Amino acid sequence: MSSVSPIQIPSRLPLLLTHEGVLLPGSTMRTSVDSARNLQLVRSRLLKGTSLQSTILGVIPNTPDPASDAQDLPPLHRIGTAALAVQVVGSNWPKPHYTLLITGLCRFQITQVVREKPYPVAEVEQLDRLEEFPNTCKTREELGELSEQFYKYAVQVIAIRPMRRITHVPGALADEDEDEDNDDIVMLEKKIRTSSMPEQAHKVCVKEIKRLKKMPQSMPEYALTRNYLELMVELPWNKSTTDRLDIRAARVLLDNDHYAMEKLKKRVLEYLAVRQLKNNLKGPILCFVGPPGVGKTSVGRSVAKTLGREFHRIALGGVCDQSDIRGHRRTYVGSMPGRIINGLKTVGVNNPVFLLDEVDKLGKSLQGDPAAALLEVLDPEQNHNFTDHYLNVAFDLSQVLFIATANTTASIPPALLDRMEIIQVPGYTQEEKIEIAHRHLIPKQLEQHGLTPQQIQIPQVTTLDIITRYTREAGVRSLDRKLGAICRAVAVKVAEGQHREAKLDRPDVAEGEGCKEHLLEDGKSDPVSDTTDLALPPEMPILIDFHALKDILGPPMYEMEVSERLSQPGVAIGLAWTPLGGEIMFVEASRMDGEGQLTLTGQLGNVMKESAHLAISWLRSNAKKYHLTNASGSFDLLENTDIHLHFPAGAVTKDGPSAGVTIATCLASLFSGRLVRSDVAMTGEITLRGLVLPVGGIKDKALAAHRAGLKRVIIPQRNEKDLEEIPANVRQDLSFITASCLDEVLNAAFDGGFTVKARPGLLNSKL
C-alpha cells in the first residue's frame, strides 16, 4: 500500500467560512457568499487568480454567533475540507453576493492561523495521508487485520449495491455509506424500473431520474424533481381491487344501510349486473340530487362497501380554482397535483369510488373555472386519457366510479350536467323517518352517548312528535340532533343515579347526615339538600313521552297553523320546491281604496311577479262570469281599488312560475269573500287564457303537504304521471286533483265548488 496520498494540497490555504453544512471529500455543494471576509476571498483569489492553486480553498463549517463582533474572526473548527471552486456566479441585487459550486478534495487540520484580514489564511496539514500512523510492526499487524475486516464488509456492501461505483479509497467509500440521498435515488430508480406504468410515463421518469443524478442537492429543482418521481412511482397505474359482484348480497347490504331510496339502489344493482356480464365496463358518472340530510354522501360509502372498492370523498363546495382539479404546472413554486390524482395516490388503486360532494356549489374566479375542468374528468369518452398539469402524462380514469352530489341542478353548468346521469333523491315521508330513526339514528346516538336500550326507550309515537312538532325538513339531520339532545339529558339522569347509588352504599354516611343543608362559599344555604342527593335513582328504562320532550326540547317549534291562517278570505296555500326540499307557502291578499295599483312584497323574483299580473288579468277578464266585483260593485276589479299581495317569510327569496294557480285562487277568494278550504294546497303555472301548465318537484311538494297535515293537493293534469313516484302511504293520505284550467282549480279549492253567484249584491255587502 502506498504511503503517499494521491491528492496534494498547498500547505497554506485561504479559509471559506460557511454555515450551509459540512462538505465531505468527493461531494459537491453550492454555497452562498455574502459576508465581507468571504466576498474579499472570492474577489482576491478566485476572480483574479489564474493558476489552479488559486482555486483551492479551505472550507470550514461555521455557525454565526449574533453576540460576537462581526469584525472579529469567530472560533474555527480545527478540521476542514480542501475544496476546488468549480463555478462562481455573482449578482448585485438586492446586494452584492456570489454563489460558489465547490467539490471536496480531502480533509485537513489547521495548525496555525497566519492571517485574519481581509480574509483568514491558515497553515494546514493534510490528513488523508498514511504517514500519520506510526511505522511500527505492531501497528502494521493491527492495520493488516483491520484492512482484512474492512475488505470483507466492503465486499458485502458492494454486493447489495451493484449500481454504486466501486472505489479503492477507504476514506472516499466512508464518505459515500453516510450519503443517504444517493441510496434513496438508487431505490427510486429501482422502483421506476420495476413499476408497471405506461411506456410514455416510464420514458418521462427515466429522463427525470437522469437529470436528478446530475443535479446538486442544493438546487431548488432537485427537491421538485424528486417529489415528482416519488409521486409517479406511488400512483396506482395498474393496481386495482376486484369487485364483489354478488347481486343478492349487495341488495341485502344496501337495504341494511339505507331505508327507502328504491330508485337509487335499483341503479346500483343494475351497474353490478352489467359489470358481472362485461368486465371492462366503464365506470358510470352518477349524480345524486336531493335536499340535505337524505343520505346522498352515505349512499356513496355504501356503494363502495357493496362493490368492495376503496372510497374517497372530494369536497368541491367553494372550490374556485381549476388547479384544484387539474393540478399546478411544475414551473410554479409549491406546485402539487390536483385532487383527482392526489386521491388516487391516497387510495392506492385505480378503480375506487370517488364522491364529488356538493358539485353544485363550485365557484369561479380569475384562476379559472373548476366546473370546466371537470368536463374531462366526468366524460367517459375522455377520462381514459386524463392529463394532470403536474404529471403532464396521461392517466386512465375510466375504471373510477364517480358519484357526484348536489342539492339542485339549477347551478350546475349545462355542459357538466349533460355528462352525468341524474338520480333524484327526494325527501322522506314521516313513516320513512320513523323507520330510519329506530333503525339507524337512535342506535347510533345510544352508542355515542354510552347508553343502552335498558336505560332509555323512545316509542314511535314520541318519534312522530319530534318529526312533526320539532323538525320540519326533507332529511333527518335535525331529527338526529334532537335525538342527540334527548340522549344527553338521559345521560345526565343516568350519571346522577349512579352517583346516588354509590353514595347510598357508603357505610360512612350517617343516618341523619343527609338532612344537613349545603353551605355555599358566600354563607347562603343551598336549596338542594343531601336528601335530594340520597334520593333513589330513576327507574330504568327512562321512557321518553310528550311531557319529557317538552322538558328536554322545550315547547314545540311547529304547530299546525293552517286552519288559523285560512280563517278569512284572501289566503291560499301554495307548494314550493327549494334545494332543501318541498315547502308549503302561504299567499295573502288584501284590497283597499286606491288608483288600481298592484303591490307585491316578499322578495319575489321576476317570474313570480309576472304570475301575479297574469292572475289578476285573468280574474278581471272573467269577473262577470264569476260575478266578482270590487268594493263599489263594479266588475272592473281595479277601479278605485289597490291590491296588495304578500308572500310571508320575506327574508327568503322566492321565484318560479308554480305559484300562478295559488295567486289566482287567493285573489278569487278575496273578491268573492269565500274561504279557501283549509286542507288544500296547490301548484301549477298559468297562462293568460287560464290554462294550467305542468311544473317540477311534484314529489317533494306532495311530501311537504303531507308533513303539514293537508288532505287535498291540486296539481296540473300533465303532472299526473309524477304521482307514481310518490310513496303509496302518502297517496292514500292525500287526495290529488288534476286540473287543466283555472276553472277546475277554483272548483276544487272551495267547498261546493266556485260556482256563478246569482246575487252579487249580497256578495258586496259581505265584503
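Just so you know, glycine gets a Cβ as well, placed from its N, Cα and C.
The following features are taken from TrEMBL:
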type	residues	note
DOMAIN	13-212	domain 'Lon N-terminal'
BINDING	GLY290, PRO291, PRO292, GLY293, VAL294, GLY295, LYS296, THR297	ATP binding site
DOMAIN	566-752	domain 'Lon proteolytic'
ACT_SITE	SER658	active site
ACT_SITE	LYS701	active site
- Run through the Cβ atoms and count how many others sit within 10 Å of the one on SER658 (active site). 29
- Give the distance between the Cα atoms of GLY290 (ATP binding site) and LYS701 (active site), rounded to the nearest whole Å. 13
- Long-range same-chain neighbours of PRO292 (ATP binding site), Cβ under 8 Å, sequence gap at least 6? ASN407, GLU473, ALA474, GLY475, ARG477, PRO579, LEU580
- Fewest other Cβ within 10 angstroms of its own Cβ, chosen from the binding-site residues GLY290, PRO291, GLY293, GLY295: GLY293
- Those same-chain residues, other than GLY290, PRO291, PRO292, GLY293, VAL294, GLY295, LYS296, THR297, found with Cβ within 8 Å of the centroid of the ATP-site Cβ atoms are PHE288, THR405, ASN407, VAL425, ALA474, GLY475
- Query: Here are some recorded positions: LYS296, LYS701. Which one has the most Cβ atoms within 10 Å of its Cβ?
  - Reply: LYS701
- Which has the fewest other Cβ atoms within 10 Å: VAL294, THR297, the binding-site residues listed? THR297
- Task: Between GLY293 (ATP binding site) and SER658 (active site), find the distance joining the two CA atoms and give it rounded to the nearest Å.
- Result: 25
- Note on the structure: Rounding to whole Å, the Cα atoms of GLY295 (ATP binding site) and LYS701 (active site) are apart by 19
